[in-house]
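Engineer: Below is the structure I would like to discuss, written out as structure tokens.
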Amino acid sequence: MVCMWRVCHWGSVFAARLQRKDCGSRLAGFLFRYSSTKTAPQIPGMQYQDAICTLNTLQTNASALEQVRRGRSHPQLQLQAMKSFLERVGLTVEDLDHLNIIHVTGTKGKGSTCAFTEQILRGHGFRTGFYSSPHLVQVRERIRINGQPIGKELFTKYFWQVYGRLEETKEAHGGTMPAYFRFLTILAFHVFLQEKVDLAVIEVGIGGAYDCTNIIRRPWVCGISSLGIDHTPILGDTIEKIAWQKGGIFKPGVPAFTVKQPEDAMAVLRERAKEIGCPLWVCPELEDYHADCGPLRVGLAGQHQRINASLTPIGMNQTVKHGAVTYFLDGAHTIRSMQACVDWFIDAAAQHERKASGPVARVLLFNATGERDSAAMIKVLVPCHFDFAVFCPNITEAISSCNADQQNFNVSVENMLTRCLDNERSWRLHTSRADSNGSQLLIEDSLPLVPENKAETLVFPCILSALQWITQGRDSAVADSAKMVLPVKPSIKDKAAPLRDAAEIHVLITGSLHLVGGVLKHFDPVSSK
């Protein structure tokens, strides 16, 4: 957290280990009741993939999500429901008081702030728990012990303990089960208590005041990273409304820290802190910190990382080089973060291009999800001067063997592809390249869920097919001949000549953390199984 050095001084407080009984025996001999055998795990051979497939049944479909948004008029009911689910698992909010929690929210950098905070504390010898979202490749990434995702065996064990209790009590509670994020939050609390961590770093999901993580009553410290406009249907359409929601994690007497915020947002945070009775400090900028080793530096690119550096961030951008192909991955998904991504990419790509032995082709691989203003983000990306702009949904590969960790039932495939078509049109609009003939579909066979009059567009049906076309066989990590490769029109093959002729290919992958995660899954397929 901000002023992490002060937090680290509280080490003697964190050193007390939590003692709890192992509740696993309560599930001994428990028989699950399922209305569908499609997702039912086989007993007793409950495997990791069985757990993930069952977890995915808790994902909320698009229509139900809309009902949740309308239900936000009574948001306090969300926290009451969360407490009820917690109690059905055998936990109470009083149990959570025994976890030494660092609670962090914000718009940009809250996840990275949590990650770096956890790293600092682990470096001081503490046994840490870390809960974050979303995951990039595997859901286990969301729940970490000592910096590492919990193992598949441990995840499976604790998953069935929690799921079993909820399933067992379902009929007495109107058949209700927690949604995906709520369940994982409860699971994280259960894991941290069972694994007796010294402290737990908890990242807020959305907002703060009514986020399901806010059932925490007595965190040790709270933090707010940089604020901006995001999730407006839920949090509000002004920086003041969003700041009010974020300040909802403040607790009486609990120290809170924030980076410098826009003036209007800062005023709201100060007022919230005063109302709640929480001491609030604004962190100095990174340059104002002094250490014996000289000026503090952030080993991450991007100006936004320096803004949040005093709140201890670790970035969501990275560079991966596979032979002649260099991937620039950035999970930016707001206008503000996209501008920071563009600044980083222009600088980083220029450094790589100066070392290239010949011409370099620049490619954008983009997708945006939810209600994000993708058109505005695309406009920010135009100055990067890409040779190709490619769009695809967050589907890792268009085959039935897609990994369960990457499945998303919150939106239909049709909606995902339609969104890609909209993004492609926005790109053409901003680059003034639209023509009367329209664009051409990159895949030979028409997609069954896309209307015929929308088929001619520069869109791929999945991440793998997009990567295979972009790299033109020059990256063995995605050129797996054993995987199904969708046929490409000859005319589109001809258009790829600059990619084949270029000395190097530079690919910026951005717009969605899930898109970045899907790409990383193909880079390391063994660990994602």
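Cβ coordinates come from backbone N, Cα and C, glycine included.
The Mg(2+) binding site annotation in TrEMBL covers Ser133, Glu203, His231. Marked as ATP binding site by TrEMBL: Asp330.
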Engineer: Any idea what the Cα distance is from Glu203 (Mg(2+) binding site) over to Asp330 (ATP binding site), rounded to a whole Å?
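Structural biologist: Approximately 19 Å lies between the Cα of Glu203 (Mg(2+) binding site) and that of Asp330 (ATP binding site).
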Engineer: What is the set of residues, excluding Ser133, Glu203, His231, whose C-beta falls within 8 angstroms of the centroid of the C-beta atoms at the Mg(2+) site?
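Structural biologist: These residues sit around the Mg(2+) site: Lys110, Gly111, Ser132, Pro134, Val204, Gly205, Ile206, Asp211.
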Engineer: Note down the number of other Cβ atoms within 10 Å of the Cβ of Glu203 (Mg(2+) binding site), including every protein chain shown.
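Structural biologist: There are 23 of them.
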Engineer: Could you state the CA-to-CA distance between His231 (Mg(2+) binding site) and Asp330 (ATP binding site) to the nearest Å?
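Structural biologist: Per the Cα atoms, His231 (Mg(2+) binding site) and Asp330 (ATP binding site) stand 19 Å apart.
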Engineer: For Ser133 (Mg(2+) binding site), which residues of its chain lie six or more apart in sequence with Cβ-Cβ distance below 8 Å?
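Structural biologist: Once residues fewer than 6 apart are set aside, Ser133 (Mg(2+) binding site) is near Gly111, Arg142, Phe181, Leu184, Glu203, Gly205.
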Engineer: Please name the residue among the binding-site residues His231, Asp330 whose C-beta has the most neighbouring C-beta atoms within 10 angstroms.
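Structural biologist: The residue with the densest Cβ neighbourhood is Asp330.
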